[in-house]
Amino acid sequence: MTVGSDFSCSMGMMMAENIPFMHSLAQSIIDVQGIGLDAMSTTMTAFAISTIVMGICFMALGQYQLGKAVSYFPRHFLIGCIGGIGIFVTQPGFEVSTGVPWSWIWMSLERYGSQELCNLSFVAAVFVLILSIALRFIRWSLFPPFFFVGIIPVFYLALLTLGISPDVARENSWLFEHPPITDVWILWTSCGFSSVRWDLILALTPTMVALTCFGLMHAPINIPSLSVSTGIEVDMNQELIVHGWSNMLSGCLGGLPNYLCYSNSLLCHKCGGGGRLSGFVLCTILLAAMVAGQGAIAYVPRCMAGCLLIHVGLELSKEALVDSLEAFDTFELLITIVMTTMGMTAGLGFGLVLSAVSFTLQHIRHCDPIRGAMPAATLRSSFRRTREERDLLYESLRHARVVQLQGALFFGNAAFLVLRRDACSIRW
């Protein structure tokens with residue numbers, strides 16, 4: 001994706017929205033095969049096949065030029081999705097800062113009101129506020145990443161000043177827990193096709209198809225949304241083809257479905273990142289962190305990760321709901337509210353419904369697509385002809401009718417066009 005995308009800041013990631021489908025696949029396999037390497041082999045094979053199928057679908061959409069259908073999405077639909085993604089990213093920011101899942105139910109909100117969680121959230125919010133104020137005066141594009149990295153020494157300096165050890169801070173949720181240390185290559189060294197239950201793979205085909213269809217929804221939204229935010233015009237079909245190659249390669253290597261990550265790509269763009277070289281460097285660093293840096297996560301302050309997510313989420317929400325306040329209507333606000341309270345999928349579905357409603361309302365002004373109809377002979381030409389030529393032309397036009405259309409032809413007024421055509425045929 002880094003190599004083929006027209007976005008110089010493009011960053012791909014695993015589709016987190018597909019996790020419920022992946023849980024369903026894994027649980028169905030465990031119910032039959034139990035917990036063990038055999039079940040893991042079948043599960044990883046199901047994931048890989050789903051990824052390859054998704055890549056083939058992306059490739060087909062791009063090859064058959066179906067990416068142009070995205071141009072029919074109203075702009076407020078994209079802006080509303082940006083706002084919804086912003087709130088959607090802000091919530092995990094508070095979850096990461098506190099280690100407690102966020103929910104809009106009263107019990108969860110009441111829990112976030114406790115003194116301990118308030119302190120954890122407050123520190124992350126203070127860093128976000130400091131960064132927002134600093135960005136009003138500092139225009140250096142690399143300032144945000146240096147600010148985020150600088151939180152780590154500031155945090156440990158505060159611990160040293162207060163005489164608090166990292167272990168005590170970890171017990172009070174200021175640091176991440178030590179992750180279990182496992183072999184990075186265990187998935188590839190322990191799985192074998194000989195232990196795969198292909199009958200289970202076949203039985204789980206409906207779930208795999210649902211996972212594929214659900215995954216296909218997000219790229220056509222993230223790509224134009226990133227184009228709107230960055231001002232970079234891209235070929236939608238080319239981007240879909242790139243997604244196809246990326247997913248097919250990932251599936252062949254036993255990986256998971258992936259797509260263009262809007263929030264990460266936009267953050268990279270705003271920090272001045274871009275170019276193939278920076279993308280390769282980032283991929284190399286991530287690979288090195290995956291292989292050798294599993295234990296390093298335990299020494300990362302939660303407030304740093306929370307500050308990063310909250311800052312990105314609030315920036316996206318500001319762009320969608322504040323900066324566009326005078327230019328757009330309430331549709332984008334409704335999409336944001338639905339996406340925040342009911343989830344990403346519900347927000348996208350609601351946005352598509354509002355797109356259809358908006359299109360209908362904009363074109364319903366011309367219920368009758370026919371403005372007028374008259375004999376073609378009544379339309380005179382300004383070109384100078386001889387009398388014989390005019391008589392011949394008149395005789396030919398006397399048997400023709402001219403129909404003037406108005407507005408746009410769509411499903412709401414297509415029936416009127418057929419009725420008026422039949423009426424004109426009977427009259428003439």
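Cβ atoms here come from the backbone N, Cα and C positions, even for glycine.
Positions annotated as domain 'SLC26A/SulP transporter' by TrEMBL: 3-338.
If you look up TrEMBL, you'll see 44-64 (among others) marked as transmembrane segment. Listed by sequence, the residues of this chain that lie at least six past the ends of the transmembrane segment (44-64) yet keep a Cβ under 8 A from its Cβ atoms are 22, 25, 29, 187, 191, 193, 196, 200-201, 204, 208-209, 211-212, 215-216, 219, 237-252, 254-258.
The annotation transmembrane segment is assigned in TrEMBL to 76-94 (among others).
Residues or ranges marked as transmembrane segment in TrEMBL: 114-135 (among others).
Within its own chain, the transmembrane segment (142-164) is flanked in space by residues 127, 131, 134-135, 174, 267, 270-272, 300-301, 303-304, 307-308, 311, which lie at least six positions past its ends and keep a Cβ under 8 Å from the stretch. Summarising the annotation, TrEMBL assigns transmembrane segment to 142-164 (among others).
For 200-219 (among others), the entry in TrEMBL reads transmembrane segment.
Under 8 Å from some Cβ of the transmembrane segment (279-300) lie the Cβ atoms of residues 2-3, 10-11, 152, 166, 170, 175-179, 181-182, 184, 273, all in the same chain and six or more residues away from its ends. What TrEMBL records for 279-300 (among others) is transmembrane segment.
Taken from TrEMBL, the feature transmembrane segment applies to 333-361 (among others).
Tertiary neighbourhood of the transmembrane segment (114-135): same-chain residues 93-94, 97-100, 143-144, 147, 151, 172-174, 302-304, 306-307, 310-311, 314, selected by CB-CB distance under 8 Å and a gap of 6+ residues from either end. Mean model confidence for the domain 'SLC26A/SulP transporter' (3-338) is a pLDDT of 81.
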